[in-house]
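Student: In case it's useful when we look at the structure, here is the feature table from TrEMBL:
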| type | residues | note |
| --- | --- | --- |
| REPEAT | 37-70 | repeat 'TPR' |
| REPEAT | 79-112 | repeat 'TPR' |
| REPEAT | 163-196 | repeat 'TPR' |
| REPEAT | 205-238 | repeat 'TPR' |
| REPEAT | 289-322 | repeat 'TPR' |
| REPEAT | 369-402 | repeat 'TPR' |
| REPEAT | 411-444 | repeat 'TPR' |
| REPEAT | 495-528 | repeat 'TPR' |
| REPEAT | 537-570 | repeat 'TPR' |
| REPEAT | 579-612 | repeat 'TPR' |
| REPEAT | 747-780 | repeat 'TPR' |
| REPEAT | 788-821 | repeat 'TPR' |
């Protein structure tokens with residue numbers, strides 16, 4: 001009876017009968033009788049099944065003590081005892097202990113059994129399993145293959161143990177990221193099971209499940225779903241409705257839907273899985289904790305952070321009660337809570353997680369690398385890039401030693417290091433590491449794997465930051481093609497892809513194209529995400545930014561405010577994205593000339609940034625800089641300089657000396673000094689910016705164009721018109737090479753060149769360049785206030801040519817735009 005209840009997953013009933021059995025034997029048999037050992041062993045087995053590992057260990061050790069006294073030292077039952085104790089230690093994550101007991105078991109088999117005995121194969125298999133759990137895949141493969149060789153000789157070709165052997169080898173290849181090999185061995189296993197079993201048996205379900213797992217890792221989600229559903233159908237027929245294996249099926253299907261971005265379906269299946277676990281398992285079973293963790297992960301993806309935290313917290317409380325303090329699952333749990341909390345909390349929990357792993361695992365275990373990686377990720381999010389690099393490199397050293405050369409986690413490691421270098425403005429280093437990551441992924445992954453798309457996407461991002469928009473577009477489109485083939489049409493990653501392409505078109509000044517791609521991104525997010533998801537807010541933000549660049553400030557404000565409402569509902573009050581939202585709204589008011597409103601929103605943004613970040617972070621520097629820009633526009637130059645200086649000091653400490661943001665600080669100083677009429681100081685600041693840009697960028701990068709443009713303005717104000725013209729023409733040469741022919745920046749540059757020619761008395765040339773500017777501004781969606789400036793410049797040129805009626809016409813056109821677009825007290829209306 002007890003065996004039957006155990007087999008059908010009715011563990012409480014099984015335990016009841018086993019306990020009755022050993023209580024009878026305790027009374028009726030001598031204390032060292034082998035049957036009593038068998039009873040204790042069986043009871044330990046049930047406690048193991050319900051994850052009461054300390055109880056399982058207690059009964060397995062009782063059984064072992066009897067066998068040690070009553071049996072010869074090389075008896076196979078003694079080996080089985082060692083084996084069971086090892087099994088518990090393995091499950092508890094104490095792998096060195098597990099290995100110690102598995103090896104004791106193996107020594108007995110070595111003496112007691114012939115070399116090709118099936119138990120010998122099981123012993124090699126168990127040692128392989130422990131090495132697999134320790135992340136030592138070459139050792140795992142070595143022992144799994146030894147096990148397999150014995151089984152091949154000792155067993156008939158369709159024996160289920162041979163199928164298990166193929167499956168285990170396939171599992172290691174899967175862990176190593178060699179998915180084609182993994183699939184080959186899992187399919188060999190499946191063929192044996194199909195031939196040797198009836199079509200509804202649980203082992204066949206497990207086989208389908210394993211193949212589904214490999215397809216899931218390959219990013220082939222439709223195939224994964226197909227095999228997971230095959231597995232589920234068998235289990236539904238063969239097992240009672242509350243069997244834990246059915247819960248696993250629902251869980252796996254939920255995982256695929258989560259990867260596909262169908263979060264409502266994912267939640268549905270994870271909750272079905274959870275309902276079974278709640279009925280079938282004790283309340284503190286680690287599988288119940290895993291269930292809460294999975295649901296929390298989906299809520300995190302959906303941007304519902306309070307819900308995510310609620311479920312991760314439930315998971316953590318169970319793990320704290322059910323597993324040892326140094327168990328890797330507890331580390332993962334701390335890590336998950338950390339990544340949902342604010343950064344200081346995230347760091348605290350990730351470090352707790354790391355401390356747990358440090359006690360439980362060997363120093364080169366891949367979970368230790370994952371731990372360093374998580375800490376690096378938090379530092380990266382905090383903008384502390386040197387710290388992030390330190391931890392990512394620690395992680396990478398472990399992966400480099402522990403993993404095969406093309407393993408996916410190694411590719412991820414290169415990718416993360418590339419990301420930090422990109423944030424530090426070291427674009428050549430960023431490209432080097434992103435390329436290493438991409439090359440690995442190209443060797444090990446199918447051509448349409450989403451991780452390959454991520455690689456192309458990251459490389460595209462670096463080129464976009466470098467101002468090489470054609471290259472950026474090339475890689476973003478490569479990424480998009482992969483996502484298009486690999487993902488369902490409403491997958492959030494496809495929305496990100498459209499978003500990135502839209503961003504490049506926005507940088508190129510092709511605002512209509514940018515809007516087209518941003519709206520495609522928005523449509524996907526609207527269908528795939530809940531109404532208050534931060535991803536939707538990002539779409540609103542991006543559309544708002546395009547309208548902002550086009551000078552349509554009322555539209556920009558409308559979209560920025562839509563984004564802000566979502567952020568307010570979805571995020572904690574000190575979240576950095578909320579600060580960014582206030583910043584965007586402040587920027588629009590600044591562009592509209594409503595400087596007091598701009599200052600109010602910039603200060604709200606700054607308040608959040610100050611609370612949520614450490615005082616030396618780049619985002620805090622940006623915040624100070626934006627407040628400085630507003631004071632500069634208000635004509636309060638001493639205040640502007642004060643905030644520019646605060647921004648500069650942070651950037652100088654937090655960033656490498658040649659970071660483009662440090663050059664940006666010098667440019668801010670230059671603009672302020674230019675407004676103050678301190679042209680010598682402005683020139684010095686511009687030269688500082690230029691020297692940094694020379695080290696950070698290749699010649700001809702668009703970043704130089706802005707510096708040349710400001711040099712031109714300063715020299716124009718100093719009445720050194722030949723130098724002014726020289727710099728404006730250098731700016732124009734860069735824009736002509738890097739931007740589309742109708743980009744608004746080209747129009748501004750033509751207008752500046754026209755103004756210098758006017759000041760030099762070359763009125764015909766001045767008119768030619770102003771007209772070139774106007775041809776762009778009147779025919780392309782751009783900032784209408786820039787068009788107004790060109791009209792005013794044309795009016796001024798005609799006035800100096802004494803063509804007063806034409807001059808008046810252009811002045812009136814310019815004034816009409818400014819009156820519509822600017823507040824009544826704006827200085828440009830004076």
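For all residues, glycine too, the Cβ spot is worked out from N, Cα and C.
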Student: Any contact between the repeat 'TPR' (411-444) and the repeat 'TPR' (495-528), i.e. 3 or more CB pairs below 8 Å with pairs at least 6 residues apart?
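Tutor: Answer no: the repeat 'TPR' (411-444) and the repeat 'TPR' (495-528) share fewer than 3 Cβ pairs below 8 Å.
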Student: Taking the repeat 'TPR' (747-780) as the first stretch and the repeat 'TPR' (369-402) as the second, find out whether 3 or more Cβ pairs fall under 8 Å, excluding pairs closer than 6 in sequence.
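Tutor: They are not in contact.
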Student: Under a Cβ pair cut-off of under 8 Å, which of the recorded stretches 37-70, 79-112, 205-238, 289-322, 788-821 contacts the repeat 'TPR' (163-196) most often?
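Tutor: Ranked by Cβ pairs under 8 Å, first place goes to 205-238.
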Student: May I ask for the residues of the chain that lie six or more residues beyond the repeat 'TPR' (289-322) and have a Cβ under 8 Å from a Cβ within it?
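Tutor: Sequence-distant neighbours of the repeat 'TPR' (289-322): 51, 247, 251, 254-255, 258, 261, 263, 266-267, 270-271, 273-274, 277, 283, 329-330, 332-334, 336-337, 339-341, 492, 529-530, 532-535, 570-572.
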Student: Please compute the mean pLDDT of the model over the repeat 'TPR' (495-528).
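Tutor: Across the repeat 'TPR' (495-528), the average pLDDT comes out at 92.
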